[in-house]
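Trainee: Input: one structure, supplied below.
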Amino acid sequence: MKRNKQINIKGALALASTFHFLYSCARACILPFLTLYLRYLGLTPSMTGLLMSTKHLISLVWSPLASFLSKHYNKRRAVITGSLVCSAGAALVLLLIPSTGVETLTSHCNISHLSVSSTEELSDYVRVGSVMPTTHTTILSQSATHESSPTETTSYTMSSAVSMSKATTYTLQLQHSNNVTSQWSQVNVSVANHSIGGERNGLESHHGASNTSPTVRRVSRSAEKEKQREKDEARLEFLGNLKVMDVQHQLFFMLLIVVSIWELMAAPLEWTVDDGLYEYLDFVDASDRYSSTGVWGLLGAVCGVSGAGLLVGHLDCLIGSHTPRGAVHFYSYVSVTTLAVPVVAFLPLYLNKKRSRSTGLFKALQLVRGDLRALLCAATTFLMGLAGSAVDDFLLWQMQDHGSSELHMGLSLAVALLSRAAFPLLSGRVSKLLSPGRVLLVGTACLALQCLYYSFLWCPWAAIPVQVLSCFSSGALWWAVQVQCGDVATPGTERSVRRVYQALSLDLGAGLGSMAGGFVVHRFGVSVLFRGVAVMLLLWCLFLPLLQWKAPRQRRINYSRLLAADTSEVSESESEQETDWLEKVMEDDEQ
């Protein structure tokens, strides 16, 4: 076995960056637009919030567990490949689920371009509240006749927002969706009747068997037969009530199952890839260069979200009458995921059996709990995750209500991601002007201003300019969290502490935020949700400086900085040298 084999670190970083680019691009093609597709299917905001909350909470529990199991059994490459393939297949299953019958088309696509046959009559009254409850719409039934063929008539319903004079969202109720609804009802009735018939047959056979009992036991068993009859009648009543559940709730439970399976397939991938690549670079003493792969992930997300929005925006009028717009996002996700599968075979993965991820996470939790400033940083990331989930889940709903197309949405999200990716260029100047605690305060205030701005959108492109603040509300925030991790962590626990903060924000905070946000939107509307989130963040901005001032500052000596200062600066005498590097380290810790 050759131990001195030359290792191509640049090639390993190039493969890692390529995989992160493709995987982030695939996720960005579908995840930002997933709530729009759920809205198209007919879910209410509360159902959408519960669905997204379940997705985040599954990731919170399953990601570290799957990463630990894949390392324990040395099956990282198989887990990564299986996760990519199975998650793509689970995503396609969502396209097989029919909608409840209401489709939304934004004003950028002319309705007259859609081919509607004469047999597709539209209902006079459509309950838009189940699909668009946040616009407080009123239904105006109108009918239109083509000038070229007077015998061919169509009708459509237009939802006009009471509080928005320029809302341009149209609603179409097509005949084929009514057929889908009737099919749902027929299937439910047939299943319930079949179950009821089976129970009745069993009840009759039971009664027949009871009639054959001897006369001597007939009196003693009469009470048992009466109890059995009551139980059977209760079961029959329960089975009969199954068909009372409306189509919307049946759709919700079916989507909940499919989305849960999808997340179970996709959740192990990110942690498993991250652990394998980092341990490989750590083995070749190049772990400090692994952070460069994160920038390629952001660039891949920019390409995915903008490309999917551009593609759907141009194909909308061509496929609108036959295929839902959301299907293009799913097909894009599957296509890019397929491109990432061959890269897995060449990923440089290394198994370091000396590292224990489970004990590292527990130790990281103890470190965060033992430092008051670290706890304040954890509380801030939790609130940012809670607010960020509200933005991620319902910002596109707000934009759609104001006439935005997928093109506007894709450009808006791309600007936010580019702003976040540009923060490392400013981090040097920001670190000289502001301490990490102040950067947390600035990032929270910027997100509060963004949410407040989102509640007052007035046109399709209005959300694009404010996305520049994502440079501080997202990029600066995670830079401050990374600095806090370095101050709290002991040697070898830096990544585990960072994982704790990410789990609090991206999974736990986002899960609770999606659930609460869905109920708020269902009850009050999207604008009220954004204003409430802004008020919550502004209040935290008032209390955070006071709590940071009360918290004692624990200074840790960073021995890597000591060594770097000792070798780079040489003084005239040993006493002056010790004083120089000690003062330099203390100054670096104060920044």
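Any Cβ shown, glycine's included, is placed from N, Cα and C.
Keep in mind that TrEMBL annotations are predicted by a computer and have not been checked by a curator.
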Trainee: Match it up for me: which of 30-51, 294-315 does TrEMBL list as transmembrane segment?
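Mentor: From TrEMBL, the annotated transmembrane segment range turns out to be 294-315.
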Trainee: Out of 251-273, 294-315, 439-456, 528-547, which stretch touches the transmembrane segment (330-351) the most, going by CB pairs under 8 Å?
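Mentor: Of the candidates 251-273, 294-315, 439-456, 528-547, 294-315 scores highest.
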Trainee: Determine whether the transmembrane segment (251-273) and the transmembrane segment (294-315) share at least three Cβ pairs under 8 Å, counting only pairs 6 or more apart in sequence.
Mentor: no
Trainee: By Cβ distance under 8 Å, which residues at least 6 away from the ends of the transmembrane segment (439-456) in the same chain are close to it?
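Mentor: For the transmembrane segment (439-456), the sequence-distant neighbours (Cβ-Cβ under 8 Å, at least 6 residues beyond its ends) are 377, 380, 383-384, 387-388, 390-391, 395, 398, 430, 463, 466-467, 469-470, 472-474, 476-477, 479-481, 526-528, 530-531, 533-534, 537-538, 540-541, 544-545.
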Trainee: Can you name the far-off residues of the same chain, 6+ from the ends of the transmembrane segment (528-547), with a Cβ under 8 Å from a Cβ of it?
Mentor: 376, 380, 383, 386-387, 390-391, 394, 398, 440-441, 444-445, 447-449, 451-452, 454-455, 517, 520-521
Trainee: Could you give the mean pLDDT over the domain 'Major facilitator superfamily associated' (17-531), rounded to a whole number?
Mentor: 76
